Amino acid sequence: MEKIKVKIKGKEYEVEKGTPLGKIFELAGIKDALGGVINGKIIDLQTPVRESGEIKPVYRGSKESLEIMRHSLAHIMAQALKELYGAKKVHLGVGPTTEEGFYYDVEVEGHKITEEDLPKIEQKMKEIIERDYPILRRELSREEAIKLFDKLKEKYKIDIIKEIPEEEVISVYEQGDFIDLCKGPHLPSTGKAGAFKLTSISGAYWKGRSDQPQLTRIYGIAYWSDKEVKERLKFYEEVKKRDHRRLGKELEFFTIDDNVGAGLILWLPRGAIYRKVLEDYLREEHLKRGYQLVYTPHVGKSKLWETSGHLECYKQNMFPSMKIDEEEYYVKPMNCPFHIAIYKSRTRSYKELPLKLFELGTVYRYELSGVLHGLLRVRGFTQDDAHIVCTPEQVNDVIRETLDFALSTLKDFGFNEFKIYLSTRPEYSIGSDEQWEVSQNALKKAIEDLGYEYEIDEGGGAFYGPKIDVKIRDAIGRMWQLSTIQFDFNLPERFDMTYVGPDNKKHRPYMIHRALLGSIERFTGILLEHYAGLLPIWLSPTQVMIIPIADRHHEYAKKVYEFLKENGIRAEMDLREERMNAKIRDAELKKIPVILVVGDREAQNNTVSVRTKKEGNLGSMELNKFLDWIKEKIKNKE
């Protein structure tokens, strides 16, 4: 029998290949472990160990133990569903873990599961935990597995089995009379599960494809203690309140129409005003920093995408081709090849570099319908996309200026807490050692020169170049990846990009892809959730709502409105026959940042009574003074 060597807590053991982890732990005197980590992979006590390496025991309370426990809770939920609605009537899809819990995609014959069913499902899960079933692992041949799940009427499991590579082990886990196809890891028994709560239900297409059946996805969260679960539920309530999909509808920012297509955003008038302000800001800031604005088509010939490598490496994310004049065209998934075509439209001299091209470029990418999510995951979106072409000598200055631009932009939107990640050369890469050294050093130096800390993602760069990613922390503590600064050693070669140097010879330039916000759509979703819909004054579609106390104050309200409008302030009037307090409440619900109340005293003194959601009642201000006040707020990006 073949032997392997494993190291546990500094001591080496020689065991037979395929010995279950639990047996190895017995040999090593390890007690109370729920599983282990070997060569970066979490496995449970029943999993055969087939490779040498160091094993780190996993105990209750650790991050890895949550992965094991949450996986078992997904199975416990599936078993509960079968007990409640009939084993042969519940067909199981997939049931993975998530960052905070688990979900299972299921199809239930004759019953539509709703959120009202969740307490009943939870109760049944608690019963299964109380029974403390041992969780047992078995390995099957492909034929045995198909036969088993055919008998269990589990058509989706058979689908999965057929797609498992020939060389991969097929395993099932059993608890009581429940059995499921699964790689693991799992707890030793159901009784070892921690605290959990089922949180929501959604629809999910099988395999994420709209041409497949729609299943019911049931989500749960799980931690080791009730206290942690309660804290997360409180957090989820806050997340729900801030959901950009709800806010987008309430604030009339955007909509999605089935007849137009999933993942394709329709910007409504209020959202369009906000978007214009955002895009105007971006254009102005880019022009200030020496970028040149460009516009490019939404489609390009297949030859372009062949040269760029997209058809070879990215076709699954592209929309199907269309034929025009006997030639194939594709809608663009990226702007880069078009910007390169602009660069190559004439011979470039080193004196023109760095050349910085900027476009608010709309791109289209095929995403599975199951992953689409409001503005955060779409099929058509507009990137704040720039490409910088420079000489090797200019790289340090260019990267420092670009990172500074990214961070100052994010600060303008109210984000002040960043995490910066530097991703370095992977095992497989293109480009010379010199290119990688120059670019990685430039990225590192830029971060250090600007005084920021960073984490190195060793080997995490793309095969064509290293990059910086900037993540921001939002108002409720979530991290979002926004800015990217990415070197590319691939496209300059593919497109034969050159510049004429001082020696009058052609040289290959460095090229940098750069996005500050990522995309207008996703950034808007993040911004709406960060501010819970109450955007800063400078970004709000309506900055001021004017509310007259009575009908006789309408004329003065109109005068204030015209004055503000003439001075570039986006204002509205509420002239409805409603009580003043009702109008104020409506303005607050519409997330209008500044409310002006006008009555007899204001009309006589040419003043306005000012209140804001953030600062409360600011009292009376002379009209010109108010204009100065709000312009200062706008100037300071408040």
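From the backbone N, Cα and C atoms, a Cβ is placed for every residue, glycine too.
Straight from Swiss-Prot, the features:
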- C336, H387, H513: Zn(2+) binding site (BINDING)
- 1-59: domain 'TGS' (DOMAIN)
- 243-536: region 'Catalytic' (REGION)
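Cβ atoms within 8 Å of the centroid of the Cβ atoms of C336, H387, H513 (the Zn(2+) site) belong to the same-chain residues M334, N335, H339, I340, D385, A386, Q486, D488, L491, M511, I512, R514, site residues excluded. Look at C336 (Zn(2+) binding site): DSSP puts it in a helix.
DSSP assigns H387 (Zn(2+) binding site) to a strand segment in the three-state reduction. The Cβ neighbour count for H513 (Zn(2+) binding site), using a 10 Å radius over every protein chain in view, is 23. Secondary structure of the domain 'TGS' (1-59) per DSSP, as helix, strand and coil residue counts: 8 helix, 30 strand, 21 coil.
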